[in-house]
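Here's the structure, in structure tokens; my notes come after.
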Amino acid sequence: MSVWTSRKAAEDNDTSLSSGIRAGLQKAVVTLHPEWVRVLQDDSVTLRCQGTYPPGDNSTKWFHNGSLTLQQDANYLIGSAKVKDSGEYTCQTALSMLSDPVNLEVHIGWLLLQTTQRPVFREGDPIRLNCHSWRNTPVYKVTYLQNGKGKKYFHKNSELHIPNATQNHSGSYFCRGIIGRNNKSSETLRITVGDLTSPSTFPPWHQITFCLLIGLLFTIDTVMYFSVQKGLRRSTADYEEPEVHWSKEPENKTISEEKQSFRSSRANSETPENR
């Protein structure tokens, strides 16, 4: 076996080994601490990357909105959150694939209705809501409202737990409470509870019916158009222009009659009385 053949075989083995390792890698996982995906400005948030590291290499790649950051630790600390920190975060280790994105929202206000995930839930999922105040200022007489109606009241601020979500829990939520002597309310958060399975590759029946109707109307219109065109061509082919025969007899007859009348008038004018 030649040196080139041996080298080529070794390279192929390395490539196969690398491909096999990449195929066997698991995704890294990003978690939030605290768990809330919605926070207020100046809150402290820690993102943790859970993945596999090779011996002696604990470096981590962090991406914010797709751009590589300077952070290389497994823990990504945001000491005082700002609006610019909002967005998607992903991480990757040497022996882990790129994680799924985790979305962080940073808001400005006195109160914020917090959730532990984006506000779309499956039926049966638990839902946790928290009426969070800026810089953890004490809040009293807290009311959680759904579609403008009071759902739960707490004299002292507490989380609202929905153990098994149903479609009846879908709607617009917000919270309000007393901070100092002032009544404050959070922004409205739309929560959806439903079937999150992959949608069918077939369009809904009403879309199918609409498309069939449009196709039928187009076909009828096309047939009528060509029928009319064919009828017009046939009518044109069957039409014969009538022959026109011109005769000079009436004209000649008129001229002769005028000559005869002129002669008669002349003869009458030459009477003896006029001579």
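Note that Cβ sites are derived from N, Cα and C of the backbone, with glycine treated the same way.
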C131: disulphide-bonded cysteine as recorded in Swiss-Prot, out of C91, C175: C175
Feature N-linked glycosylation site, as given in Swiss-Prot - residue among N183, N252: N183
Cysteine from C91, C211 that Swiss-Prot links to C49 by a disulfide bond: C91
Rounded to the nearest Å - Cα separation of N183 (N-linked glycosylation site) and N168 (N-linked glycosylation site): 28
Mean of pLDDT values spanning the topological domain 'Extracellular' (24-207): 94
